[in-house]
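*Asks:* What TrEMBL records for this protein is below:
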type	residues	note
DOMAIN	A:9-104	domain 'Pseudouridine synthase I TruA alpha/beta'
ACT_SITE	A:52	active site, nucleophile
BINDING	A:111	substrate binding site
DOMAIN	A:144-246	domain 'Pseudouridine synthase I TruA alpha/beta'
């Protein structure tokens, strides 16, 4: 048996999320079925994050165990051949020790959230960004974001369906920057609560539009109450961009 | 009557090109029909370029004449409302003098061509870039590209359907650069022949894959023969990115 780490890129649009669902197609099901067609065996995919319906990934990290010997490049090619024409691709594949786990070994997750801030509807980025027509003050958003960085009880920014044992998380980074008519939000933490990034982004958008004062972000956090949430941002602007593992950290 | 300059962004995927076609939907038809629904009059759209089926635009420049007085911002909003849900958007609208012409006043056109160079199939960029799995040498492509810069007879790189009076054009810029697994080609000229950018990119891809020597680009140009063309690149990687007009040039 060999444990293979996969890097997955996918368009979340047609999926009911990464994790297997009873009610519709999932990225997990697509990759597992591709692996089953190659190996003739049941295969389970484990992943660093559990992205929601409509959320994209540039580099989700996952793993699966395969009995048959495989050269990693050949496995990647075979998986991609069987995944066609679904919008899921394996961009990297490598063998890992048996105790390497895509979810439990992961020590850092990064997301990007993309907003297009203009009057005109989206064309090429439809389904790839959140369209906000009212002008956003990205500097005010960035200032408000800093209230959330650090270790806090994030109950306000947590889905009622969240299965995490504790609402305490340590947010390492939450930056907002403007590039032309795009407003980009970058978030990094060891781990996130369910809907945490979208909930934080939704409230930042209220600050950006002047509907919330900058200080209201701090107040919402301190409320520790889901009812204090201003807005949950839509999934189509969210991208899982990177996962960190101890064995891959650069030596200094 | 007022002449309005429009900046158009569109996903070329569902269209048979920018220009009106008898056999299928066009960007021109969509915009003209939106303008007709607003004004109740026949309206003709003129554009800086005539992009082919599947070619995208980030900022196509066009104009139309409207009898009824309109505030430019209101016209943009009304056009966008009537264009929904088609993937065409008016991102800017302004009044211009009656002798300003989107096509005939234009003194420069720029295109970008996007290649994703990796083994894995495309997901989020499917239909938005040319996928080339074999490794490309972007430095060799850039070197070969320089043979085409300047004033030349571009017969080799011209569609048999090209309606231009002369095959002579002056190519101002043709640059190739790599950004990760993306290879970007930027082309600028006063004007281009039909299929010229895609024909140049197709041959550059042959150089990048080592199927053509760098010098073969020069030889293909000098052949002045369509039969010397190596390959016409597919439309989905091509974007019309900018048009220049004398009245909009920055004063120095």
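Along the chain as shown, the residues are counted starting at 1.
Positions of Cβ are set from backbone N, Cα and C atoms, glycine also.
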*Asks:* Take the C-alpha atoms of residue A:111 (substrate binding site) and residue A:52 (active site, nucleophile) and report the distance between them in angstrom, rounded.
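*Replies:* That comes out at 13 Å between the alpha carbons.
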*Asks:* Count, for each of the recorded positions A:52, A:111, the other C-beta atoms lying within 10 angstroms of its own C-beta, and report the residue with the smallest count.
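*Replies:* Fewest other Cβ atoms within 10 Å, among the recorded positions A:52, A:111, is found for A:52.
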*Asks:* Please work out the helix, strand and coil residue numbers for the domain 'Pseudouridine synthase I TruA alpha/beta' (A:9-104) from the DSSP assignment.
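*Replies:* Result for the domain 'Pseudouridine synthase I TruA alpha/beta' (A:9-104), in helix, strand, coil order: 25 helix, 24 strand, 47 coil.
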*Asks:* For the domain 'Pseudouridine synthase I TruA alpha/beta' (A:144-246), give the DSSP counts of helix residues, strand residues and coil residues.
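*Replies:* Output for the domain 'Pseudouridine synthase I TruA alpha/beta' (A:144-246) reads 37 helix, 31 strand, 35 coil.
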*Asks:* According to DSSP, collapsed to three classes, what secondary structure does residue A:111 (substrate binding site) have?
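*Replies:* DSSP assigns residue A:111 (substrate binding site) to strand.
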